[in-house]
Amino acid sequence: MAATDLERVSSAEPEPRSLSLGGHVGFDSLPDQLVSKSVTQGFSFNILCVGETGIGKSTLMNTLFNTTFETEEASHHEACVRLRPQTYDLQESNVHLKLTIVDAVGFGDQINKDESYRPIVDYIDAQFENYLQEELKIRRSLFDYHDTRIHVCLYFITPTGHSLKSLDLVTMKKLDSKVNIIPIIAKADTISKSELHKFKIKIMGELVSNGVQIYQFPTDDEAVAEINAVMNAHLPFAVVGSTEEVKVGNKLVRARQYPWGVVQVENENHCDFVKLREMLIRVNMEDLREQTHSRHYELYRRCKLEEMGFQDSDGDSQPFSLQETYEAKRKEFLSELQRKEEEMRQMFVNKVKETELELKEKERELHEKFEHLKRVHQEEKRKVEEKRRELEEETNAFNRRKAAVEALQSQALHATSQQPLRKDKDKKKASGWSSIYSVTIP
């Protein structure tokens, strides 16, 4: 026999032998121990409600759990989709349930609905990431950890009676690999029974043709296989929610009162509310929790670990150790870092060269501009000098003319001042002669 065959035989696990017990041992109480531990620890269940504002999400939650949850009134004017989680502690008999209801506020209210699903996907991934980080801790405490992973998404469909909106198809397609989707037709009392039946068939046909995987109630457990198979044929559930009590006959029932009659919430002839409650809470709640952990979370965890460099070993190869994975990832990181550093260095060198060329070009342009301005300045200076010389010549000529004029004016003034003096002398001479003549003549 070859060495490889010997290794294969030695590595094969032996078949366990079945033995009969000679008396009572006591490990048949393990289920009771598990139940007792689970009851002591309590349970958590997280519901995501996706649907347009005013479609009845809060009312249906109140009706499902037969209580009134305090919620804020949603507005139709939300700028974007916002996830609003609220956690409640519920007690039924001796079972404690930590219920978290996450409402997609503002879904479908925007004009541009292309990215309406993005905040929902990011929220679901964020809860997976939180759980993964808790698992990867050296000192982890999953027993006390508040698990916020979404266990079921109730997708509320507007009762148009025609077909699914493109927003519904795109959103459910983005969510089906991350969460258990149960589609429900809200406000089913607004359309007739015949239209409702056609609408259900139309919805399921569109989901199948577009490859949308919704949650199917499990049929592998014999205890619930029959009822789950029947309920799978009723999807999507057409529901009516109400917390008001109306008197019908001699008893009060939760119903909606209309002028034409009463729609009873828990009457299966009126709507599928009872079917939804049975499938969601009383029959398949634990399966929803298990599917979230074993299917959706494991898919997210596997993708994240593969991104970190971890991978499963083949049957014929040696298993990878954590140290080997770390070293391989470290080498990959260092080589990538070195490559990035070289790229950045080369980029820096190229940038420096480009900057030097730009600076030289700027320097040349500035030098040319300086020379041009220098020539312009010299030309302006020459013109100013010419203007100054012309102005000086004009000033000198003006001064010469002014001096000549002033000389002429002084001469004329002198001449005019001499003329009255002669006249006075002539008058005096004339008066003297006349007096002489007057004396001599008797």
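Cβ atoms here come from the backbone N, Cα and C positions, even for glycine.
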Given ranges 51-58, 291-298, the stretch to which Swiss-Prot attaches the annotation region 'G1 motif': 51-58
Among ranges 87-90, 103-106, 231-234, 283-286, whichever one Swiss-Prot labels region 'G3 motif': 103-106
Region 'G4 motif' range according to Swiss-Prot, out of 170-173, 178-181, 186-189, 202-205: 186-189
1-23, 139-161, 254-276 - the one Swiss-Prot records as region 'Disordered': 1-23
Contact set, same chain, for the region 'G4 motif' (186-189): CB under 8 Å, 6 or more residues outside the stretch: 51, 55-57, 60, 156-159, 196, 238-241, 256, 258, 263, 270-272
Helix, strand and coil counts within the region 'G4 motif' (186-189) (DSSP): 2 helix, 0 strand, 2 coil
